[in-house]
């Protein structure tokens, strides 16, 4: 893992913003942290703490405050802000709030990008944080397959040749969706959520031994693929081992650690004649039921009067 950044070009492509002034091409200006800032206190003269690496969002409160200042005081306050050289200063509500002339002058003076957006401050900040969290998230790549089954994101792991891709194709034929095959990029977007996607250059492609490479979106339609999915369950395929005790009741919870996030996990033995697509569909539904507070194994033990054996 390393540090990541996202360009202003990516942000303007995905969030409703337009350029007022930029000192260089937007793809050459990068943001390195996911937090954004409203510089109200800084404009009012509180300079003890200011993170200049954050995008600076100017909303109704900041613009009204500046409107109430004399031209000299407003210039001084804005000069202090642009002097910090943040990645960009963004003015919200552009239909009713027009950037002050001093803003463009100071943006040019200090080499800071000046943008504007029609969105309200809260809406714009939410959109920016969502994109920044995803693009700047810590990430790793795992060899496996990521599919969406009944709304559950399932990462299928296992040794090479065990049948992960073939299982994914069978699931696609049954109406589920492929997210990634072979290389799955996993991003920690929060302390409790992992998002999975495919590297762009191999997205929607899958390898089937004996056939070769196929484009799932072309063969089965765009409804058979998905760009990204939140990870809910890890399924590890392994060759059937008659000496191993596999999960029989479902009372014991197993977890798989990804970037410090514990994801529910289960091992599924592979043997001739097992319909793994049906097994995986059942695992997806069962995992969703557990998240909703229902555990079939616990209910069975209660019915049998063995609930004291559950813990």
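Just so you know, glycine gets a Cβ as well, placed from its N, Cα and C.
The annotation domain 'HPr(Ser) kinase/phosphorylase N-terminal' is assigned in TrEMBL to 6-132.
According to TrEMBL, the feature domain 'HPr kinase/phosphorylase C-terminal' maps to 135-302.
Residues or ranges marked as active site by TrEMBL: 143 (among others). Sequence-distant neighbours of residue 143 (active site): residues of the same chain at least 6 apart with a C-beta under 8 Å from its C-beta are 157, 160, 182, 183, 184. DSSP assigns residue 143 (active site) to a strand.
Taken from TrEMBL, the feature ATP binding site covers 158, 159, 160, 161, 162, 163, 164, 165. Residue 162 (ATP binding site) counts 17 other C-beta atoms within 10 Å of its own C-beta, drawing on all protein chains shown.
Sequence-distant neighbours of residue 164 (ATP binding site) (same chain, 6+ apart, CB under 8 A from its CB) are 144, 145, 156, 157, 158, 181, 237. Here TrEMBL flags 164 (among others) as active site.
Residues or ranges marked as Mg(2+) binding site in TrEMBL: 165, 207. DSSP gives residue 165 (ATP binding site) a helix state.
The annotation active site, proton acceptor is assigned in TrEMBL to 182. In the three-state DSSP assignment, the secondary structure recorded for residue 182 (active site, proton acceptor) is strand.
Residues or ranges marked as active site in TrEMBL: 248 (among others).
Neighbours of residue 159 (ATP binding site), defined as other CB atoms within 10 A of its CB across all chains, total 13. A gap of 11 Å separates the Cα atoms of residue 161 (ATP binding site) and residue 207 (Mg(2+) binding site). Each of the binding-site residues 160, 165 was scored by other CB atoms within 10 A of its CB, and the lowest score goes to 160. Of the listed binding-site residues, namely 158, 161, 163, the sparsest CB environment within 10 A is found at 161. Excluding 158, 159, 160, 161, 162, 163, 164, 165, which define the ATP site, the same chain contributes 237 within 8 Å (Cβ to the Cβ centroid), listed in sequence order. A distance of 7 Å separates the Cα atom of residue 165 (ATP binding site) from that of residue 207 (Mg(2+) binding site). Classification of residue 159 (ATP binding site) by DSSP places it in coil, neither helical nor stranded.
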